[in-house]
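As recorded in Swiss-Prot, the features of this protein are as follows:
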BINDING   HIS196, HIS198, GLU203, HIS245  Zn(2+) binding site
Amino acid sequence: MDVRQSVHSEHAKTLDTTELRKKFLIEQIFTPNQYTMTYSHIDRIVVGGIMPVDGEITFDDGIGKQFGVNYFLERRELGLINIGGPAKIVIDGTSYEVGNEEALYVGKGAKALAFSSLDSAKPAKLYYNSAPAHAVFPTRIITQDDAIKAPLGDVKTCNKRTICKYLVPEVVETCQLSMGLTRLAEGSNWNSMPTHTHERRMEVYFYFDMAEDTIIFHMMGEPHETRHLVMHNEQAVISPSWSIHTGVGTKNYAFIWGMIGENLTFDDMDHIAMLDLR
């Protein structure tokens, strides 16, 4: 497990490119026949990917000890979105099939989780976030039809996109985890611009569906002290509450966002005026 400590905004603005990447960028999300796990001290989020190709993947028996509990989700909830082929997920004996760009919410207390692909030639790619949880809510699949779709932006401002909200209160009950998927239209390359921060929440972006020869310049930092990270396909970035989070790609792309913190109000944002950015 990769552990990332919290970084103060005053410290962050002194970091060079290498250190910024080390502190905030998660370069490897998917590894065939393995799971990855990054544990951030910021709001205690866990981020990772599960990619079963041949056979079944389960979390290691000792993973609970790293969280001071008996098993991973003893005091946690988990949300995942599949960006690969269809997956079979067995949770405490109950089987779920999760298709491409479908989500699964797993409630606190789920003990035995097993992940496999229905077709090894088209392996599942299960991107997940996990947050501390205080209550038990039912495990359930969220399909694309279940998700709330919201068009945003405009071709004229190069930010036309569709937000698909999977784990939000209007769709599924969670303790504090929100997740969704945003896809940019062809010809658009800016996400979340005009930008914002969340004083009351942190967020993680996971960029995917990028052509091999394309990159994204992900903007971060305080509004008056912005920095950038160059990112490639299927990489994630941790965004503290004090940081803006926006990006521009050399071609259109998609990304999954996950938030945890004080509330589940999607629109609870602190908007930043364009003229105030530095």
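Note: Cβ is positioned from N, Cα and C throughout, glycine not excepted.
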Where HIS245 (Zn(2+) binding site) falls in three-state DSSP terms: coil
Secondary structure of GLU203 (Zn(2+) binding site) (DSSP, helix/strand/coil): strand
Cβ-centroid neighbours of Zn(2+) site HIS196, HIS198, GLU203, HIS245, 8 Å, sequence order: SER192, THR195, THR197, ARG201, MET202, SER239, SER241, SER243, ILE244, MET259, MET269
Protein Cβ atoms within 10 Å of HIS196 (Zn(2+) binding site), excluding its own: 16
Other CB atoms within 10 A, centred on HIS245 (Zn(2+) binding site): 23
